[in-house]
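Among the features that Swiss-Prot reports, ATP binding site is placed at G179, E180, S181, G182, A183, G184, K185, T186. Per Swiss-Prot, coiled coil is recorded for 844-1940, and the stated evidence type is sequence analysis. The domain 'Myosin N-terminal SH3-like' annotation in Swiss-Prot covers 33-82. The domain 'Myosin motor' annotation in Swiss-Prot covers 86-783. Per Swiss-Prot, domain 'IQ' is recorded for 786-815. Residues or ranges marked as phosphothreonine in Swiss-Prot (evidence: similarity to another entry): T64, T69, T1737 (among others). Residues or ranges marked as pros-methylhistidine by Swiss-Prot on the basis of similarity to another entry: H758. Marked as phosphoserine by Swiss-Prot: S1097, S1163, S1262, S1289, S1543, S1715, S1727 (among others). Marked as phosphotyrosine by Swiss-Prot: Y1465 (among others). Sequence annotations record features per position, and here Swiss-Prot assigns region 'Actin-binding' to 660-682, 762-776 based on similarity to another entry. Residues or ranges marked as region 'Disordered' by Swiss-Prot: 1154-1173, 1884-1920.
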Amino acid sequence: MSSDQEMAIFGEAAPYLRKSEKERIEAQNRPFDAKTSVFVAEPKESFVKGTVQSREGGKVTVKTEAGATLTVKEDQVFPMNPPKYDKIEDMAMMTHLHEPAVLYNLKERYAAWMIYTYSGLFCVTVNPYKWLPVYNPEVVTAYRGKKRQEAPPHIFSISDNAYQFMLTDRENQSILITGESGAGKTVNTKRVIQYFATIAVTGEKKKEEATSGKMQGTLEDQIISANPLLEAFGNAKTVRNDNSSRFGKFIRIHFGTTGKLASADIETYLLEKSRVTFQLKAERSYHIFYQITSNKKPELIEMLLITTNPYDYPFVSQGEISVASIDDQEELIATDSAIDILGFTNEEKVSIYKLTGAVMHYGNLKFKQKQREEQAEPDGTEVADKAAYLQSLNSADLLKALCYPRVKVGNEFVTKGQTVEQVTNAVGALAKAVYEKMFLWMVTRINQQLDTKQPRQYFIGVLDIAGFEIFDFNSLEQLCINFTNEKLQQFFNHHMFVLEQEEYKKEGIEWTFIDFGMDLAACIELIEKPMGIFSILEEECMFPKATDTSFKNKLYEQHLGKSANFQKPKVVKGKAEAHFSLIHYAGVVDYNITGWLDKNKDPLNETVVGLYQKSSMKTLAYLFSGAQTAEAEASGGAKKGGKKKGSSFQTVSALFRENLNKLMTNLRSTHPHFVRCIIPNETKTPGAMEHELVLHQLRCNGVLEGIRICRKGFPSRILYADFKQRYKVLNASAIPEGQFIDSKKASEKLLASIDIDHTQYKFGHTKVFFKAGLLGLLEEMRDDKLAQLITRTQARCRGFLARVEYQKMVERRESIFCIQYNIRAFMNVKHWPWMKLFFKIKPLLKSAETEKEMATMKEEFQKTKDELAKSEAKRKELEEKMVTLLKEKNDLQLQVQAEAEGLADAEERCDQLIKTKIQLEAKIKEVTERAEDEEEINAELTAKKRKLEDECSELKKDIDDLELTLAKVEKEKHATENKVKNLTEEMAGLDETIAKLTKEKKALQEAHQQTLDDLQAEEDKVNTLTKAKIKLEQQVDDLEGSLEQEKKLRMDLERAKRKLEGDLKLAQESIMDIENEKQQLDEKLKKKEFEMSNLQSKIEDEQALGIQLQKKIKELQARIEELEEEIEAERASRAKAEKQRSDLSRELEEISERLEEAGGATSAQIEMNKKREAEFQKMRRDLEEATLQHEATAATLRKKHADSVAELGEQIDNLQRVKQKLEKEKSEMKMEIDDLASNVETVSKAKGNLEKMCRTLEDQVSELKSKEEEQQRLINDLTTQRGRLQTESGEFSRQLDEKEALVSQLSRGKLAFTQQIEELKRQLEEEIKAKNALAHALQSSRHDCDLLREQYEEEQESKAELQRALSKANSEVAQWRTKYETDAIQRTEELEEAKKKLAQRLQAAEEHVEAVNAKCASLEKTKQRLQNEVEDLMLDVERTNAACAALDKKQRNFDKILAEWKQKYEETHAELEASQKEARSLGTELFKMKNAYEESLDQLETLKRENKNLQQEISDLTEQIAEGGKRIHELEKIKKQVEQEKSEIQAALEEAEASLEHEEGKILRIQLELNQVKSEIDRKIAEKDEEIDQLKRNHIRVVESMQTMLDAEIRSRNDAIRLKKKMEGDLNEMEIQLNHANRMAAEALRNYRNTQGILKDTQIHLDDALRGQEDLKEQLAMVERRANLLQAEIEELRATLEQTERSRKIAEQELLDASERVQLLHTQNTSLINTKKKLETDISQIQGEMEDIIQEARNAEEKAKKAITDAAMMAEELKKEQDTSAHLERMKKNMEQTVKDLQHRLDEAEQLALKGGKKQIQKLEARVRELEGEVESEQKRNAEAVKGLRKHERRVKELTYQTEEDRKNILRLQDLVDKLQAKVKSYKRQAEEAEEQSNTNLSKFRKLQHELEEAEERADIAESQVNKLRVKSREVHTKVISEE
């Protein structure tokens, strides 16, 4: 913690960044109790501060700071941190890490305007809603170069740390700024950019570019100017924020080797397009629209043809149009100048404004509906003319494209009519698309401008993205944002604990790694995995008929119940509808999927897009140049056949995922820093903080998640020296004094000696680490120890003070000795004559009076003794009474407990009875269900019986139909024979025409062979007819089997009947048992009532006892008061005696004076005086002893009195508690009595219900009996039917025998006819198949021709492709190797020990280089082998030209080539794996290789890559060389040589690449055919890629673990110079290899040209073959048409017959189903109506009960009011009594004053009495006695008044207690009323639901009726069609016969 002097460099910002020293000291010295100071959960404030009052039974009573007392559970109380942690800068350092501690720390810092706070790795910033001087230039300079712990929390500190890490660690950095809208993300992003622009300036001045004529700024200016431009087009006013960024951005600022700015680029995410066309009332659209209309630049208004009123444009005026905090005119100037600074041309600038104006005009486009049509037409063309002019389009074409877009249907384009709604939606979509594409184009243009082409080394990325969003209505945008945050949180969790683990590693702590990134894996996989939400959404977007419901159903099928993070949302009234819920790390979010498919597809009017592409405005045409329309695809399909089909259709979610993956890969390659922005309140009030809002954001931002992760490890850590200093107090003896001991050892000894959990801490190298909470425990122990030490010091202080007091006492003793000495001196003097005279005369005076006074004092003393004895006796009596009362109380408690146990037993019995009742009801239900099942079985039997009868009738019909079909078949046979003859003649003619072409002849011969096969198939069909006969026989057997089943069913029914009878008996027995139990219950109830009455009487007795006890207590209190009065009187008498003693002493003094005046006296008088003096002294001593005894007795009395009062008070309290308990028990007993009464009622009701049930059961039994009788009758009918069926079956069997005889006669003929029929059918089908096959063959031959045209090219290029694949694989190997090697360089700390073996490793490296060269040579050999194979393939192509029949053979060769390619790929993959293994094994050795050697290896491997990134990689290598700085100055010469060589290699490579590109253009056409084959290969490659990715991840982990080895590498760089010469030699070898590769490329070009010539020749041959095929196809088409005509007629007739038969059966089935459903619905409806009636009766009963309760409540309220009035009356009386007591008090004071006056007079009188005589004294004494009597009487009256006052106060207390009890009763009744009202509401709701259900059932019933009617109509129609078809078939049959 820095001092105030160190904070002075921050200037006026210092108090806003850190507490002053004074505040810190005050905070540490503030009193604090760790055990009682807590945070407590509170519903309004979320958490409040408080102190623990008590803890009991898992509940804690806490008193809050506001004074309220809360009783909560233990888990709702959180311990408070010690004061030294107040306003702590890093919240992770707190001893108690929990939500309230974090919240209050932020709140207290925010109250002090310290808006930045660390939380572990996070920097949390709270929006201050006002300007603070914390961003001044002096603050920037103050933070420059400071470590995080050296300066207070700030965004500049985060930025500077990132900058310093980048320079020192040579690693890319990123700053992730997240938070809700309005939290200050954009402001903090600006500050970060401002900081980097200030500290890393390049020093260049502004330039004027002569070429463009526009002013351009420096790179710093451009980076800063990018912000206003992006804000103008991407920011808008929202409810929370006036300047809210409606897009996310990732700004990369690139730096050079020296840390200066090199370049920058921006990536944007999730622009809110919908804001272009729609805004909420309190919001507005993007700022640019209002800047343009602000009229700051009138030329813009004229150019864009707009007005200055935004309300003229609906797209931008749906919400607000102005913002108080934004000046649109000034902002327009800033935007315009930003466009100029960023280097946009004048044309681009104009096009930006024009497109923005066109979007505004689009909102004014109006369309109307044509009369009598749904077609839309434009309503005026003025607006369209303006919009088209601004976009350089034809307005007529634009309107036509909007109203009549061209749509592709099949291979043709059709103009489609659009409705008004469709057109308006299309216009909105176009406006959004234009604006979005323009925004993205602007970002790319800014990136181009910011790319200065300067050498750049590393970058710092600033991510400004929306935080987690949980709204009432969450759509696709929220899912994307939340998914992004989920990924970022996973990234943070992983990164945070990686750093924690590194800290543990550094400190040498044993720790098993926990990857908290996996905590969120379930949710992330649910969203992005192959069958996750996004993939299902994209899949649904591919289907044309997909809807939101189908998407929802798919989600539910795939994830509901399978994934824990996917849930069905709860329906909440008043909230927006939700379709599914996801459990994110920040909470559960309900998503609404409405419109997701449209949002994801983002459809545009393709016709308008085509217009945009043809626009003369270059910018607009460029914006839509990438869009692939259907027309463009149709026109360019032949040219661009190689393009992927799905490239034009990329969904929003896929694009988002692609961008997100890019972002995550960028972030993973950086060292991240996290900033979380927080909104303190919704009202934008500075300094105010809403607890719930902030907590919600902390959860969403992952701050609390970070704390959770922190708590898993060791969040608290202290340096050993600090720990020793602070906690040495706990056990000072553990650390030996007088000798030096290391702080670590001291800490270890200290912790070992303390009684704590030793697993909760770990010892590091420099610090001791603690688990969360342990440090707080140590703090408590320290506080306790300090308390003990303080008490010891206090004891010592007290001892010292006591010694001082003792010293004083000694001094007093010495002074007493001095006094004694003086007395002794007096004793010596007393023998003087004068003194003797004095002693003699003094006792004579007033001796009589003193004797009397002594006598009176003795009497009073005796009286006090007697009274004391009496009071002690009374006290004993009271104590005995107390003992008896306690015994009685205990007896009463035991009785109450016994009664409570009895009640509990009664309740248990009641519960058992209720359970038995429920069981019986369940049994009754089972019985009824069985009965219903039996009825269903009956119904099924009857249905089966009907079905059997129907099947019998159908069998008869089938036999008749078979006979008819036999006759038809014979007729059809003759007709088909004639047709066959005609066909054979036609075939002969065709054979003559196709005689020239041998191939077609063979095909026709094959067709002839197929017809023969068809004839064979016809014979097979005849066999099937015989099988059909067998099937019929089987059906008869089945019928017999079904009859047997009927018998079995009947047996089952009989068994079920017996079961039912048994169940009935059981039910009757159970009813009897229920009645018995009911009687027992009645008896028990009577017993209970008797017990209750006994209890009532006992309670009344107890109440009477209580009253008596209260009376006794009151009497005792009165007695106590009397004793107090007596004590007071005693005190008064004592005061009197003391007064008299003082008077006597005064008189003695006067007498002595008189004696001295009088002179001498007689010796007798002196002796008398001596005697009297002795007596007087004796009396004085007695008096003093008496007074001492009196005081002692008074003190003991007071003590006893106080004790007895306290005991009596406790007894009174106990008795009051007992009374309250008894009253409560009484009320509970009353309630229990009521409950028992209600139970009795319920039992009686249950009894009634059971009786009803019995009756219903009896009715059911009777019904069952009747049903059983009916079933018996049915069984009898079935037996008769069975007999009839048996006879019929006998007849059928006889008929079958006859028919079989006929069939046996006709079977041969039938078989022959059926064979012929089937042959003809087969012939027709085969002719159709042949036609189709020929058509397909034609198409395939055409396709094959196309294939053959390009086959030679394909064969030629396959070689090149394989070669490229090999080179690619080699380059991948090289890439991996370079990656691993370059990464491995950065982690070489672990290899310090292996320095000595450097020479050996260098030799191994050389061997490795030789091995690589050998591999290159082997690859060249494979390349040659491939060339040879290509030549072979060319020979194969020549052979394929000989004949088309060899195509199959060629395909097999191609497959072989593919297999070889695969094998080669596997070989290359195996080589890759081997190289990876080698890389892993040699990795440890390669770490010590020098920079120059690595650069040369990089050169070697980059040469092999043959890609366009060679320039970039070489520049990277040169930059890596430059990293060495001054040390590696000598290597610059080598760098120049490498650059020269690089330029030569580059030139050679560019030539090779140009030739390769030329070849690739031709290969694209061949790739179309190869795609099918490649897809399989790609899949395997993808699998291998996944394996490689896995290997990547593993290696990345290895690389990360090697990061710590960098320091050793820096030390070893000096040795690199020695290897320089060797590397130069390697470079020369690489040049040779490059030349060799160039020669190979030249040879490949020559081969390619040769193959082109061969391909041209083959093309000519293919054209000739195609012409011949086309002639054949035309001839085939003629034959097919004739065959089709004949086949169509036959097929139509058959199809219609079958269809009608099927429809008839379906209709009959539907009829049966519908009737059954109708019956079911009817029964359901009746049952629902009954339940509704029951519910209505229950509701009426409850309403009556509720009215009674309300009446009772009103009565109670009236009673309460009366009690309150009584209390008021009593209060008034009390006031009166108080007034009277005050008056008496005043009187008392007056009397006391008079007494004092009288006393004064008495003194005067005594003085006079000495002179005047005894009579006057006696009179005055009498007067004094009278006055004393009056005073005593007045005192008694006063005491009585006080007693009365106390009585009234007690009465008032009783009344207040009674009022409180009444109030509680009222509240109880109110609760009861509320509960009953809730019950009523629930019953009403049930009734409503029942009504709804009945209504739905009615609607279902009506619907089914309607369906039934429709089914009947359909059946009628089907029957009529069947009849018509039968008539038609007969007519056809007659025609055929007539033709024959």
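Cβ atoms here come from the backbone N, Cα and C positions, even for glycine.
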Applying the rule Cβ within 8 Å of the centroid of the Cβ atoms of G179, E180, S181, G182, A183, G184, K185, T186, what extra residues of the same chain belong around the ATP site? N127, R240, N241, S244, G467, C677, I679
I need the CA-to-CA distance for H758 (pros-methylhistidine) versus E180 (ATP binding site), whole Å please. 43
Just to confirm: which same-chain residues, 6+ apart in sequence, have a Cβ under 8 Å from the Cβ of G182 (ATP binding site)? N127, T238, R240, N241, S244, I679, K684
Can you tell me the three-state DSSP label for K185 (ATP binding site)? helix
Using DSSP, how many residues of the domain 'Myosin N-terminal SH3-like' (33-82) fall into helix, strand and coil, respectively? 3 helix, 31 strand, 16 coil
Could you give the number of helix, strand and coil residues in the region 'Disordered' (1884-1920) as assigned by DSSP? 37 helix, 0 strand, 0 coil
Close in space but at least six residues away in sequence, with Cβ under 8 Å from that of S181 (ATP binding site), the same-chain residues are T238, R240, N241, S244, A466
The domain 'IQ' (786-815) resolves under DSSP into 30 helix, 0 strand, 0 coil
In Å, rounded, how far does the Cα of S1262 (phosphoserine) sit from the Cα of T69 (phosphothreonine)? 68
What count of other C-beta atoms do you get within 10 angstroms of the C-beta of T1737 (phosphothreonine), across all chains shown? 9
Across the region 'Actin-binding' (762-776), what does the pLDDT come to on average, as a whole number? 83
Compare the Cα of A183 (ATP binding site) against each of the modified residues T64, T69, S1097 and report the nearest. T64
By Cβ count within 10 Å, point out the most packed of the recorded positions listed: K185, H758. K185
Smallest number of other CB atoms within 10 Å: among the modified residues T64, S1262, S1727, that is S1262
Tell me the Cβ contacts of G179 (ATP binding site) under 8 Å, same chain only and six or more apart in sequence, or just say none. K185, G467, R676, C677, I678, I679, Q697, N701
Count up the helix, strand and coil residues in the region 'Actin-binding' (660-682) according to DSSP, in that order. 9 helix, 8 strand, 6 coil
DSSP-derived structure type at E180 (ATP binding site), helix or strand or else coil: coil
Neighbourhood of T186 (ATP binding site), C-beta criterion under 8 angstroms, separation at least six: E231, N235, N243, S245, D464
Can you figure out which of T64, T69, S1097, S1727 (the modified residues) comes closest in space to E180 (ATP binding site), comparing Cα atoms? T64
In chain order, residues whose C-beta lies under 8 angstroms from the C-beta of T69 (phosphothreonine), counting only those at least six residues away in the same chain, are Q53, T61, V62, K63
Cβ-Cβ neighbours of E180 (ATP binding site) (radius 10 Å): 23
G184 (ATP binding site) and T64 (phosphothreonine), Cα-Cα, nearest whole angstrom: 34
Candidate recorded positions G184, S1097, S1727, pick with smallest Cα gap to T1737 (phosphothreonine): S1727
Determine, to the nearest whole angstrom, how far the Cα atom of S1097 (phosphoserine) is from the Cα atom of S1727 (phosphoserine). 51
Summarise the region 'Actin-binding' (762-776) by DSSP state, stating how many residues are helix, strand and coil. 3 helix, 6 strand, 6 coil
